[in-house]
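Here is the structure we will look at, set down as structure tokens.
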Amino acid sequence: MNDILIYITSGLGALFVLLAAIGTLRMPDQYLRISVNTKAATLGVGLLLTASALFFLDLSVTTRVIAVIIFIFITAPVSAHLIGRTSYFIGNKLWENSYIDDLKGKYNKSTHELKGLNKRKNNEEETESKSES
Amino acid sequence: MEIILAVITGVLYASGIYMILRRSMVKLILGIILLGNGVNLLIFLLGRITKGEPPIIDSAEKVLEGVYADPIPQALILTAIVISFGLQSFAIILVKRTYKVLKTDDLDQLNTTDEDS
Amino acid sequence: MLAAVLLGFLFSLFLVFAGSYFKGKLAVLSSIIPISLFVYFLSFLPEISNGEVVYESYEWIPSFGVNLSFTLDGLALLFALMITGIGSLVFLYTSAYLKGHKYLDRFYGYLSLFMASMLGLVLSDNLMSLFIFWELTSISSFYLIGFNNDKADSRKSALVALGITGIGGLLLLGGAVLLGDVAGTYRISEMLSMRDSITDSSHYILILLLIFGAAFTKSAQFPFHFWLPGAMKAPTPVSTYLHSATMVKAGVYLLFRMTPVLNGGDIWHTILIVVGGITMLYSAIHIIFRTDLKGILAYSTISALGILVFLIGIGTQAALIAAAVFIVVHALYKASLFLITGIIDHETGTRDVTQLAGLRKVLLPVAIAGFIAALISGGVPPTLGFVGKDLIYESTLHFTNNAVLLTILAISTNVFLFYAGFVAGVKPFMGPLPKKFENIHLPSPLMWVPPLIMTLAGLVFGIFPGLIESAFAKPIAMTQAIAFEDFHLKLWHGFNTVLGLSAITLVLGTILYLKLTPSHALENSIAKFNFISPKILFLKLSEGFAVFSSYWTNFFQTGYLRHYISTIVAFLILLLGYLIFSDFSLESDFSTLAELTIYEISILLMLLAGVLYTVFTKSRLAAVAALGVVGLSFSLLFLFYSAPDLAMTQFSVDTLTVILFVLVLYKLPRYLNLSDRWLRIKHGVLSASFGVLITLLILRVLKEPKNTEITEFYAENAYKLAHGKNVVNVILVDFRGIDTMIEISVLIVAALGVFGLLKLRLKTKDKK
Amino acid sequence: MKTKFLSNILLMLIWVFLTGEYNFNNFFFGFLLSFIILWILSGFEEKNTKKYFKIVPKIISFFLFFIWELTKANIQVAYEVITPNLNMKPGIVGLPLDAKTDLEITLLANLITLTPGTLALDVSTDRSVLYVHAMYVVDKKEFIEDIKQGFEKRLLEILR
Amino acid sequence: MNIHDFLYYIILPILSVSSLLVFVRFFKGPSIIDRVVALDLLITIGIGIIAIYSILSDTPTFLDISLVLALIAFLGSVAFAYYLEKRNKNE
Amino acid sequence: MTNDIIILPLIVHLFLSILLMFFWNKLNFQKIVSVVGNAMALGVAIWVFTYVYSSGTQVVESGDWPAPFGIVFVGDMLAVTLVLLTAITGFAVSIFSTISVIKARLKFGYFSVFHFLLLGLNGAFLTGDIFNLYVWFEIIIISSFVLISIGGEKSQLEGAVKYFALNFFASMIFLTALGVLYGLVGTLNMADISLKIAEVKDTTLVEISAVLFLVGFGIKSAIFPLYFWLPASYHTPPSAVSAIFAGLLTKVGVYALIRIFTLIYGGDSFLTILLLTLAIMTIFSGGLGAIIQNNIKKVFMYFIICHIGFMIGGLALFTEVAMAGVIFYLIHDIIIKTNLFLISGLIYRIKGTTNMKKLGGLYEHYPKLSLLIAIPLFSLIGIPPLSGYWPKISLILASFNAQEYWFFGALIFGSLITLIVIAKLWSEVFWKNQPEINFPEKFIYFNQLRFGQKLTFIFPIAFLTFVTLYIGFGAEHIQQLSERIATELMNKELYIDAVLKR
Amino acid sequence: MRTIILKSASSYLLPVLLLFSVFILLRGHYLPGGGFVGGLVAAIAFVLDAFSNGLDKAKKILKFHPGFLMPVGLSVAFLSGISPLVFADLPMMTGIWAENPIPVIGAIGSPLFFDIGVYLVVIGSSLTIIFTISESL
Ligand code: NA
Ligand code: NA
């Protein structure tokens, strides 16, 4: 029973990781890549860790695995958020097929203050594209 | 395996030195870091490598028995890593400060001290 | 004798601290020292002339065999009396010559220092202590030549003199060490019995060359002679004392001393005769092209020194005694002439012999002294000079080889010396007195009495040569470890060849003096040949050397870090390559090595790619990120190979480094591609070769079996004795805890450094 | 609530020490046991602490809900990644927030990010809007409503 | 096929291939954001590899390293974001 | 317990570093503590020295782990002599620092780092473990990095960057050598290495490790062709710092070379040729460099290089006589080079420059001071019977005995260059009249200082001069000591037996 | 950085990370970990806080300059190193051990205090470096 669980969790975990990898390679813009990366990889690694917890079936291992999983689940989205918003700052454009951009023109370029939805839209020219050297 | 690692160590040495030979101070530091890694790998490798047998005594045992990795090179590398860390951080700041004072990242501009005066 | 030697040192030390308080009485105070020493040494005369040797030894540095051993034998006594005797007169003379000089205390300090060193030199029985005093004479000479240190000329002459005598000193050191080693002692008196074993040793030639080098430089032999005319920049008392009477004879003294030890036959004779011969004639000829009195005297001094070396080279009993007598002769007349020149210079303000005439009318006692000095110098009977010259011809005539040639050489030289003595001692006083000199008055007796005393002594010794004979000739011959054949110094030997030669010399000398007038035209005519003179060659050589130094230094010290590193790397490649390929074998047994798995390959690929990316990317930030990849790969690698602690540490440190980098990076400029392609290729080849060598080195080491004694001890005892199960940690905090303690200190210092670097801002004005 | 939780843990530890069996089951049992004990005892205490006992089941249900969402969305993304065509309708949507405190906003944002297909990019400085990047924004209103009714509501229930 | 073989011959290769794929993204960029994301993902995959490797080598202690990895990878991303934001602000 | 006193110098300096860090901003307190602490360290060093002198080599096994399993400290005569010399120079330099280093710099942990540096030096001399030696080297270089760069302006930073890069590189080579050595013998205790290296079959590998050590240490001790960093950096920091660098930093490299070449690689013919060649080239390059310099600090720096060659050459000859010469020279050199840089600091304070072309008239205006300075200068030249002279006897003798005439030539060459250049320096700086130049205005000149401050400048120089005079006139003692050390070094069994308690 | 998400996440992570760092420190003698890594983790926790809440706040949490930890930590290590010399007449760095081991940490002895010293020094120096840089930006 336990063995089967290990097969499943590890197999699924590896698949999700692979998915994240392919996604990172295939997705057309930074935001989509971040998106794919965070989810699939986090889930995948969570599963892989679970597999090891199942394998050892030991309290100390299990607690550590849980700790790692919780930690990853807390930090991964935070860093995704940071990177995503930074990507927007430095002017990485959305994929050409993108549908909507509510964020456009909302950032004050010098203070990095972000406006809410109800405020007047202006300074659109501020989001010109730039890329790292 | 060791052969490949030996090659990689060589590559690390070569890259490190190559970068140290560049004129940019940032590259100099990158080179220093790479070279440091190369040296660590060399020590690790020459201490002989063992797969999957860390030098940690099982909770039930009192001595380390059977096959186990040599802990000494590990301890040495650990010390070396920490020291390199200290040196590297200092170097990074030194470069920053030098850039601020000299307004250049070009090592070739740093040759007034060797002029006869 | 130790006290006698130390006295001068102590006095000069005393002057350093108290000199300024005794300004007025300095002269008296100073002169007491040489005078009392002269008396002291004079008191030994009876003993020494009886063939006794006074010996005194104090242990100093027995580990080196260096002791303060002094012997007073005939040779030493001759020199000691000369040093203290002429010293006394020079000290007195100085008191008038430099009266009221601001730095009179310094001058006496240097002079006493020199006197003491010179005494030490001639009294030492220990070759090492002889060397020590030898060097001290060079140093005091340096200070005396450069006494007028505000003049660039003086400084330069002092430097040249020190340079030449410095070379000699070092050669002497080498020779002394080697001789001491061969003989097993530094005691000269002990070496005397070992002549055969020394001359037979394989180092004999080397010893000889080193000792000769020392003697030739110190005694201004060709081609090292040129420092001596330069040394005439010193005040006249210095020229008198050091550069004619005493110091320059140190080389001669050394040869004298070494004759019984090192005279091993042809080499000895040949070198000394050739060098001495060239020197004596070469500088003798130079005399006629000089107009400066001091210059004339300088060249005649060199020539005289050449004669001495020449005589020692002949090395027969007659020659040696001739040399001993000639030393006395030369000291007496040359010192006198220098002092006379000093008086003339002091009173008239010029030393140009073409300007000087008729001074007898105002400086009569000086003129008398000058005349006698000229007679001694010219070897005119009944002066001691005549006795000396006779002895010289006696030795050349009886030498086994080339007797005729040598005799002709001696005669020619003596003719020029005759000329020199008369030009310096007689010419300024003859003829009508020019108007400008009419107001001249005879200076203080302190100045004109000393030369008079010396010349009169030369006269007296000439009339009673037995004085010299009993006092010195025999004892000196004894120091030469040769059986003293019955030999008498006489003024009159009867009509023989030697007398004829003397007569020829006098006639030719008189003709030369009468026919040849010193002139600037003559002086300028020889200036054309300056470019081949040893002095110019030496200066050219040292200039060339400076250029070469500059070239060599700048070749390595370019200021470019990459040059320094690439030189070091190239050097390493050379050595490692040589060693690795000296016995290189491709065949290797790697069956014991670990197998390779897929995940390792992927990690290694990642590592490799990360490294290469770091190197080749054009973006700094990407390079830093790639460094993160490298760190990750490393940490996984460490993990696979059983080093979890390392994996953790490597990764955290790498990340922290990346953070630091990132924090600093945007304050730095973007990457520039500064090197050109050729340089990149060059560096690439260099670093790649080094990498290849490292790889080969690793593979080769891995073939060797490894000793695991220590590792096993840790495995066995980490828990039992050190209560830890993570052996790596146990090593870090217990087995090798000191490492860790210092390692954290390194971190602390680094942090302090970072703190200081970024927080400490010096304003340029209060810098330092 | 915090003190309650701590008491719970403390009790669990005491149980474990008493039993001397340091394994997972024992800890779990200890936790459960002390939880029940505290629940029973809480009847005599003030009202505020009662919340703790209501929340625990809610957390569990929320957790399960989240896992479900996660899996669902992952499959969607997986499909997207594996299939050759890219049929996405991505965009950045401003999501008006009911969540107010830092913790609420952060948790919500993180949950949104963890759910495949959506990525919380930033919160407006006045905390009124959460900007979300989404892979499938077919209908903006529906998208906003989904999140507000799903994650935000459930989350706020637990936190408030 | 036992668990060991399964992990060894199937799971680890998948993870290895995944990391190489991600590395391709790292290479390609084009934006620094892509590199940071790729690095982050590489570390995450590393955590997965460690989990599996700890099973294979029967050494649960290796899992601790994954915690350090997770912690620090996070900080790395934060630092990069910090840098990029600051740089962008200053320009 | 009693033999533990040999690590007292380490404890004293570590304690002082920590203490000074706690009193970060208390400048006067720092000065007093550092000077008093260094006086204490001097006392301790004398104690340790006399103890070892009378009781023989002492071994401390840290952690009570028997050698070769733990780190041992070995106080043999060489080590404790160097510890004593470190204490002497440290004492002098700390006094000099209180007056010559500007306040701002002192406020940023100068003294603390200074004591870390001394700690490192003492540790390097005392340790019997090769990796531990590396660690001590690192504390030395990081301290020197900090001292050389803090508060630095243009030239100082330029020097610091190069100094850093080359020293880091040297450390890496050192580590590489260590790795190779460990891979061959599996031990780090130097005595143990000495025994086990004999069992290594592939002697080429042993030679390679020796070459790596040679280059690693050679960079630090500034031998040809590895010395480039030295002229580029040593003259840039404050004189007090240069002084300690000049006196001790290069010498610690020499010490390491002496230690490993006597204990581990003794007498290998390839290495002998290599070392000798390098020594000759070092003397040559250092001498040529010294000739063309106009800045007295630079002149002294090239002399450091030149005279390192003397010692390396003596080491290469590898006889007891030569070794005694090397040790004597080392003792002389540490004191003299430290003093020379203090002197250059004093000259800088007097005139505001160290450029010979701008200097002059010192003898005229400071005759007694000039004569005081003349003593170390003459000792440097090796004017007998001052300190630099005596070791040359042994070196020359050894070169003759080994029939290495090239080395003899180099010795003569080096000595001659030293003589000429110092004479030139004397002539330019002391004899020549002060040329008319624009002196910096906002500068506190020596004659503006209070008497006590002047004394603080002069005392360390006089103190070191006194030591130099002792070395010269008490050469018998120094030579006996050197011979004893040479005997200990050439009979490595003595060391090994003491460490491994065989 | 102006982001609520990071700010609140880090304020929750900080105590957890510190706890974790102590955990890593204490278990070092038995399992991978120890003073150095532990100290780095703690330092990283504060750096994270500095990133998200600003340097001033991170400094306020510490109450004193992190540099102060350096002499303190070194003192701890130093004292644990020389205490055997001073108190037990044993060579420097000799381990002095309590009779009975306790859970998680294992045997209590001077090496543990030594490791704690390392831990403090690492925190102190890493934070000094990073804070100084941040201030000078
Ligand atoms: Na550890
Ligand atoms: Na211990």
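Don't overthink the numbers, they just go from 1 along the chain as shown.
Cβ coordinates are placed from backbone N, Cα and C, and glycine is handled just like the others.
Bear in mind that TrEMBL entries carry predicted annotations, made automatically and left uncurated.
Owing to the predicted nature of the structure, the values given are computational and were not obtained by experimental measurement.
Feature annotations, reproduced from TrEMBL:
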- C:28-46: transmembrane segment (TRANSMEM)
- C:61-108: domain 'NADH-Ubiquinone oxidoreductase (complex I) chain 5 N-terminal' (DOMAIN)
- C:76-95: transmembrane segment (TRANSMEM)
- C:124-407: domain 'NADH:quinone oxidoreductase/Mrp antiporter transmembrane' (DOMAIN)
- C:159-184: transmembrane segment (TRANSMEM)
- C:204-228: transmembrane segment (TRANSMEM)
- C:268-289: transmembrane segment (TRANSMEM)
- C:296-314: transmembrane segment (TRANSMEM)
- C:446-468: transmembrane segment (TRANSMEM)
- C:564-581: transmembrane segment (TRANSMEM)
- C:596-616: transmembrane segment (TRANSMEM)
- C:605-670: domain 'MrpA C-terminal/MbhD' (DOMAIN)
- C:621-641: transmembrane segment (TRANSMEM)
- C:647-666: transmembrane segment (TRANSMEM)
- C:678-699: transmembrane segment (TRANSMEM)
- C:680-759: domain 'MrpA C-terminal/MbhE' (DOMAIN)
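The domain 'MrpA C-terminal/MbhD' (C:605-670) scores a mean pLDDT of 87 in the predicted structure. Through the fold, the transmembrane segment (C:28-46) approaches residues 4, 7-8, 11, 22, 54, 72, 77, 80-81, 84-85, 87-88, 90-92, 95, 108, 111-112, 115, 119, 471 of its own chain, all at least 6 residues removed from its boundaries and within a Cβ separation under 8 Å.
Secondary structure counts, DSSP: the domain 'MrpA C-terminal/MbhE' (C:680-759) has 68 helix, 1 strand, 11 coil.
For the domain 'MrpA C-terminal/MbhD' (C:605-670), DSSP puts the residue distribution at 55 helix, 0 strand, 11 coil. Secondary structure of the domain 'NADH-Ubiquinone oxidoreductase (complex I) chain 5 N-terminal' (C:61-108), assigned with DSSP and counted as helix (H, G, I), strand (E, B) and coil, comes to 32 helix, 8 strand, 8 coil. Within its own chain, the transmembrane segment (C:446-468) is flanked in space by residues 86, 89-90, 92-93, 95-97, 325, 328-329, 331-333, 335-337, 339-340, 342-343, 346, 363, 365-366, 368-370, 372-373, 375-376, 381-387, 488-491, which lie at least six positions past its ends and keep a Cβ under 8 Å from the stretch. Long-range contacts of the transmembrane segment (C:564-581) within the same chain: residues 556, 558, 682-683, 686-687, 689-690, 693, 696-697, 700, each at least 6 residues beyond the stretch ends and with a Cβ under 8 Å from a Cβ of the stretch.
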